[in-house]
Amino acid sequence: MVVKTRKQNVKDQPPQPNVDDRDRSPFVSPGTGKSRRAGKGTPFNSLLHNKNGLFPGFSFIRSKLGLTPSAFVKLGITLVLAALAGYLHWYHLSRLFENDRHFSHLSGLEKEMAFRTEMGLYYSYFKTIIEAPTFLNGLYLVMNDRLTEYPLVINTLKRFNLYPEVVLASWYRIYTDIMEFFGLPTKMCWSINRGEGMAAVDGCEGMGDPAYFYVTFVFLLNGLMMSLFFIYGTYLSGSLNGSVSVGLCRWMSLPLASCPFPHLSLQRTRNPSKKAMWALAISNLCFMLPWQFAQFVLLTQVASLFASYILGYISPTKMQSLLVTHMITLAVCFVLMFGNSMLLTSFYASSLVSIWGMIALRDKFAGAFKPGLITWVMQGLVCVVSTVILKFMLSAVFGASDDAHISSLIKSKFTSYKDFDTMMYTCAAEFDFMEIETPLRYIKTLLLPINMLVVAVIAGRVKTSFLVYHSLQLIAFVVLAMLIMRLKLFLTPHMCIMASLICSKQLFGWIGEKFKLHVMVFGILSIMAMQGAANLQAQWGIMGEFSNLPQEQLLDWIRDNTPPNSVFAGAMPTMASVKLSAGRPIVNHPHYEDAGLRERTKLVYAMYSRKSAEVVKRNLMQMEVDYFVLEDSWCTRRSRPGCSMPEIWDVEDPQNAGKVPLCTLMSRDSRPHFATVFHNNVYKVLKVPKASKELR
């Protein structure tokens, strides 16, 4: 082993007004292949065009794609540049992560502790599969899980969106088996001197290390996202300059990343042929399976398409084809998720049925209303009302209430309504309204002004459904981000995509010759680069190191001093770490999208209320909890007035308002109701008395 010492902590002509959906693309030359002479003039084009030339394989591919030699060369250049952009983005993100946490020099336990909240919970299933004797045995364990919601046995593939972890675990097992077969090393390990009187730990780097393998593929997926953005910027703007502007905007804007977004990026197409519908269905499926909130994003997509249909940019036949594709994908996802009722009772599913019914009945009402603003508004209102009614009817039929908190959350945004579950969301900054700093950053990097200009030009000059749809989708993302700040992870990338349209001849051909357009684009990008360079410098300047000694002490104590079947309860993020690193059963966890889990968490979090110790103890005993992990910070901290845990409980339990919080009393002395068996400056473990059979 090599001994390493950690670094110190520091923390053309204007377009005609009436154009159809066949917009110009940099990859497809106008006209048919027979009416256009292919690639005359250049030896390279001749080689590509000649079946017996230097690149006969390229000629075959080109003919299959129906591209001229020049268009094929442009496509090749775009793909190469897209791959380069993806690589640079992967390297950029992985370096930021390494600089921030010094991840390569962390021990195995520290790496697992770095996976906080839901990430830690999901990684625990990846760990379960790779540590099982066989892949099928690991799959059986996650489909018959006894640790996540003790004493229940749950199918985590049904409850959670675990397919990415299952696929990655299979790849990891295949990779390590192959490397072991050939006798090739997969990782390099060393002993790390942590200083400050702490014991040395072993750390490993390389694809053979499970945590390293996991995060590497997360960043590779984000690299793929950037490659898709690059290609899509070219496709949307009709120019390679558009793809470059997307990449620069993405790097110079807020440092956000989204794993499912690559699949969402694949879902936009101008002419939905059968192949396009298949592509839409597959990308929809790949988008929905990894993420439980995909349905809400797809709801905005369907709403944007419906608005385009109302305005006359999409024909009824095309709209119905899109809806049917969405329905089929939803049904397949429902099957693959083992009948997860949350999918069928979602607003997304209800909107598909509602809109399809409205289009099917359009002929009966066509004569009653003339096209115009009033008709558009009425259709929109009918769609919203019918979707809401159908959603609640389906929820009643299936007896599903898992997403009831979403309705309450939306209600709380427009009214004074509040309850325990909604305040658990709204008191977190990421679920609050968008803060003023975000639009200010958009203005400084020119993202907001450019998007406003592009949308204005589209509204005033363009009659193409493809571009109108993107403008409507942008508006939908703006609304989502303003209501829930966390959802700006979709707004920022979409704004970067829309920014590529400053390079579009179709939109800005009225400026004049190509040289003038290029000068304008260069000037805009130069101004953006001023603030963007500052953003990048700030990101690259972050140098830190992950360390959480109190939690490390807690997890070490649990592993050394409690039986493997001991049941734990506590704060949701901490419980994810207890399950992941200590392998102990837990009764609550960070995945808050289940009605039963929300009820369990409320019972556990009563420790931070003003209820009596006897009531809380009885609840824990009924859930068969052996140990409660008390964190004083959860008792005292608050993001803003009214948002500490005792204050949140005052809304739910007003009769006890004004009393001293139970967590404060337990921090002083847990007797006689509980026994303190471990404590440090952050955590205190309380042993819960065993319940009698009658109480259980």
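All positions are counted from 1 along the displayed chain.
Cβ atoms are placed via backbone N, Cα and C, with glycine included.
Straight from TrEMBL, the features:
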- 1-45: region 'Disordered' (REGION)
- 71-90: transmembrane segment (TRANSMEM)
- 122-142: transmembrane segment (TRANSMEM)
- 211-232: transmembrane segment (TRANSMEM)
- 299-315: transmembrane segment (TRANSMEM)
- 322-339: transmembrane segment (TRANSMEM)
- 373-394: transmembrane segment (TRANSMEM)
- 466-485: transmembrane segment (TRANSMEM)
- 491-508: transmembrane segment (TRANSMEM)
- 515-534: transmembrane segment (TRANSMEM)
Winner by Cβ pairs under 8 Å against the transmembrane segment (211-232), considering only 71-90, 299-315, 373-394, 466-485: 71-90
Non-local residues, at least 6 beyond the ends, that sit with Cβ under 8 Å of the transmembrane segment (373-394): 306-307, 310-311, 344-347, 349-351, 353-355, 357-358, 400
Best-contacting stretch, by C-beta pairs under 8 Å, relative to the transmembrane segment (466-485) and drawn from 71-90, 299-315, 491-508, 515-534: 299-315
Residue numbers, six or more beyond the limits of the transmembrane segment (299-315), whose CB comes under 8 Å of its CB atoms: 264, 267, 322-323, 326, 346-348, 351-352, 355, 359, 371, 376, 379-380, 383, 463-465, 468-469, 472-473, 475-477, 480
